[in-house]
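Taken from TrEMBL as is:
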TRANSMEM  C:7-31  transmembrane segment
TRANSMEM  C:51-79  transmembrane segment
TRANSMEM  C:91-113  transmembrane segment
TRANSMEM  C:140-158  transmembrane segment
TRANSMEM  C:179-206  transmembrane segment
TRANSMEM  C:212-231  transmembrane segment
TRANSMEM  C:238-258  transmembrane segment
TRANSMEM  C:264-284  transmembrane segment
Amino acid sequence: MTIRTLMSTAAALTALAGPALADINIGASISETGPAAFLGDPEAKTLRMEVEKINAEGGIIGEPINLIMYDDGGDPNKARTFATRLVEDDEVVAVIGGTTTGTTMAMVPVYEDAEIPFISLAGAVEIIEPVKEFVFKTPHTDRMACEKIFEDMAARGFSRIGMISGSDGFGKSMQAQCKDVAEASGVEIVADEVYGPQDADMTPQLTNIKGSGAEAILNSGMGQGPAVVTRNHTQLAIDAPLYQSHGVASKQFIELAGSEAAEGVRLPAAALLVADQLAEDDPQKPVVVGYRDGYESETGEDVSTFGGHAYDALYILKAAIESAGSTEPAAIRDAIEATSGFVGTAGEVNFSGDDHLGLTLDAFEMLEIKDGNWTIVE
Amino acid sequence: MRLSPRATTLLVLAVLIALSPLMFPSNFYYRVGSLIFMNGLAVTGMVILIGYAGQISLGHAGFSGIGAYSCAIMPVQWGIHPLLAPLLGAAISALLAWLVGRPILRLKGYYLAVATLGFGILVYMVLMNEAALTGGPDGITVADSGLPDLAEAAGLDLSNSQFWYWMSGLVLLAGAWLALNLYDSPTGRALRALHGSEVAARTVGVDVARYKLQAFVISAVYASVAGSLLALQNKFITPDVAGYMHSIELVTMTVLGGAHSVLGAVFGAAILTMLPQVLTVFAEYEHLLLGLIMMLVMIFLRDGLLPSLMRLIRGKSE
Amino acid sequence: MPELLQFLFSGLTVGAVYALVALGFTIIYNASDVVNFAQGEFVMLGGMITVFAHAAGLPLLLAAGIAIAATAVIGVALNKLAIEPARGAPVVSLIIITIGASIFLRGVASLVFDKQIHRFPAFSGDAPFRIGGATILPQSLWVIAGGVAVFIALWLFFTRTLTGKAVLATSNNRLAAQLVGINTNWVMTLSFALSAAIGALAGVLATPITNTSYDVGIALALKGFAAAMLGGMGNPKGALVGGILLGILEALTAGYLSSQYKDAAAFIVILLVLFIMPQGLFGARQTERV
């Protein structure tokens, strides 16, 4: 009885907020709260803002988008339930989301079974390797970030590397990938330390790395950890230069670390962070400048690459529905896979049957922080 | 005819499990139902620990984690049959509960709370850190149990959600039946005696330590089986299943619904499992409302929601 | 030995934060036998209110003062609205009420403020002091000094003042305390105000080191709770020693054993201590009244 009452209340409420029949139902399960909230928050804001914009401009193939977005709080089990709900109850034709690798992987079986195209916003390689028919993703993989960083280190003549990684999913996954590609990239990992995502002081780990004789240090992590590592790196006056990962995704990092401590830190990042510094003829320039200006004026917050991933996913989907001329999930999937030359915030995307990421290393810029601002390393 | 409380509880549960699907518009409701039963099973174990024996644990999700990861690791790494894995997981949980429980259960109140909390966090950290075995924080895929296929071969055409709805419903019924039998057994009486006053129970010759340990071990097995079911249904699992928040959730469900009865606790599990689904329209306020509900129920309906509701209904009819 | 010294400095910095949280637990526990799991949210509120008041143009000191005062008011409200009405409820209900309060406060903070990570500048700059080859930040000294100052103040309060003794009397036997003329309601109000203010102070002092966001409270409450139990609940000395011990343990484990398992090491030690000393290091032995 109670189950029924509550459930039908839920159904009624959903129906109230629900669509007219002809709308294009696009689902999303994003971690707006929980430990991944600072990724999920800009993603959700981006989706709301851009869907509104697309609808104001007449929607996709003449139909407005009805965005059905749930907050999974970063809990994979909850994400899985929302995935079932999106497919079974909301009858969506495509889904964006999975802020974290955990929530993404929990949802994958549902969309594969239901044959609904799914564009993930999470980082790890395992999402698209091996290729799953209905699963795509927009962010660069952590493996690519490792390669980009090691390439730069090798070019500067560093071969002995110290690693310090966050113990969350992002940090651990990148730590594993970097160790995997280190040898092929010509660097040796001589120290390998870990910290908790909310730790306040990493000087013990950095002291050990300093003692190991590392010539450069790589911090794979996101959130507040990289800021603390950067400050501690300066506090201990370590000579080995510090590299951050693509998990450092907005201007906020420089504010948290302090521009003095952040001076000279390098990191691979999408062009979005250095929109103004791109050459005028760079095809990415209008895209990233447009998105950044829109986001910053709408929210009053610094733009982040995480929001950019959501932007890319939505517009890849829009382009696919337009080229398919249909809202059938199978047709949309085929059109997504046929995406080529799509210019987004992360770079140029070219999907194919055996590549559901579609980005190359060129999509990363190597940045260095100078005087509290990003500069592109030539 | 007057039914015993035990028969009433089982009958109510069975009817709810059997008839609810008549009102389900889609598969999604089976999914939520199956989660309610899995949480309900773990919470039934908590009734034995909290409601019968009067002990507290802020670490029982650790046992759910062991049950879940047994299903993920054993078949792939050690070639153990997927259906044997939940049983082995339960055995490991029981053994661990027995080993840890002996020293831990000498503690009382908040000291017991922090010790169980520490235990849960240790399990969680092992699952997070031993990535080679557990897949680390990003989780691990669970091999198919073959059970839904078996059902299909037997002529039952069920979706994944439907299959696990019935499966977990049956396991919950069995779990409730065992817990209710325990209540009326000598062990149950001993547990309730020590809940009232440990000193008094000891004076009349109850082996307090032994019975507390029994309750701890039994509740660990319930949590472990619930974790296994979840892993088998989701086919993917992350360390969150063993996390501190999940432990808190289990205790909250138990106490919110009514820790002294199986039906009450399952009711609590149902409410808390459905809440995020009902509140999606107010997603921003979800946490605020959840916190508010927890406070209000514990302040104004101290025995839990169900007993208070029952009293209200009875009060009106009399 | 500069490594060891650096590990100790790190442990002291982190431990002093834990100690401040644990000290906050102590006061409320002493007055009411309640372990307030929302203590971490007081720390969060202290940090977040300061951040937003400072960003709104107020000088840092004024912003911090406002944050501490506002948090104290929230603490009193928590007592009046949630703890007082539940008097006499069992431990497990109280745990759920205070956890409910912490989830509620976190939800409110995410709406009123935002979900981003924030920081404000350190009080005395970021140039570290170098001692024996190791370094410590001036802000760490602020946190450590804050922890010690609060400890001394509390110790004097509980042993030298009539009000402090009234708090202890209330904890021991509420009815008896009322009979000898102690206004126990006022004692409770005072305890929650003090406790919340100390939490907020911890947030103000630590934010330049730890950063802050709407959800930093959970981890801090867990560590602070563990520290308080390690030292022995209800004893300011236990809170201070427990907090600093926990911090140093983590730093030494990260430095010498494995940074992966530093949190695990802390909890293993807590379990072992409780097995040997079920009341923590400095806790009073209690006998069950029949």
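Each residue, glycine too, has its Cβ placed from N, Cα and C.
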For the transmembrane segment (C:140-158), sequence-distant contacts whose Cβ falls under 8 Å of one of its Cβ atoms, 6 or more beyond its ends: 9, 12-13, 16-17, 19-20, 23, 26-27, 30, 122-124, 129, 164-165, 167-168, 198, 201-202, 205-206, 209, 236-237, 239-240, 243-244
Seg_contact(the transmembrane segment (C:91-113), the transmembrane segment (C:264-284)) with at least 3 CB pairs under 8 angstroms, min sep 6: no
Among C:7-31, C:179-206, C:212-231, C:264-284, stretch most in contact with the transmembrane segment (C:238-258) (C-beta, under 8 angstroms): C:7-31
Beyond the flanks of the transmembrane segment (C:212-231) by at least 6 residues, Cβ under 8 Å: 15, 17-22, 24-26, 29, 35, 37-44, 47-48, 51, 102, 105-106, 109-110, 113-119, 203, 237-243, 245-246, 266-267, 269-270, 273-274, 280-283
Residue numbers, six or more beyond the limits of the transmembrane segment (C:179-206), whose CB comes under 8 Å of its CB atoms: 17, 20-21, 23-25, 27-28, 30-32, 36, 39-50, 64, 67-76, 78-80, 83-84, 139, 142-143, 146, 150, 163, 166-167, 169-170, 212
Intrachain residues whose Cβ lies under 8 Å of the transmembrane segment (C:7-31), provided they are six or more past its termini: 39-40, 42-43, 131, 134-137, 140, 143-144, 146-147, 150-151, 154, 158, 167-168, 170-171, 187-188, 190-192, 194-196, 198-199, 201-202, 205-206, 209-210, 220-221, 223-225, 227-228, 231, 233-236, 238-240, 242-252, 254-256
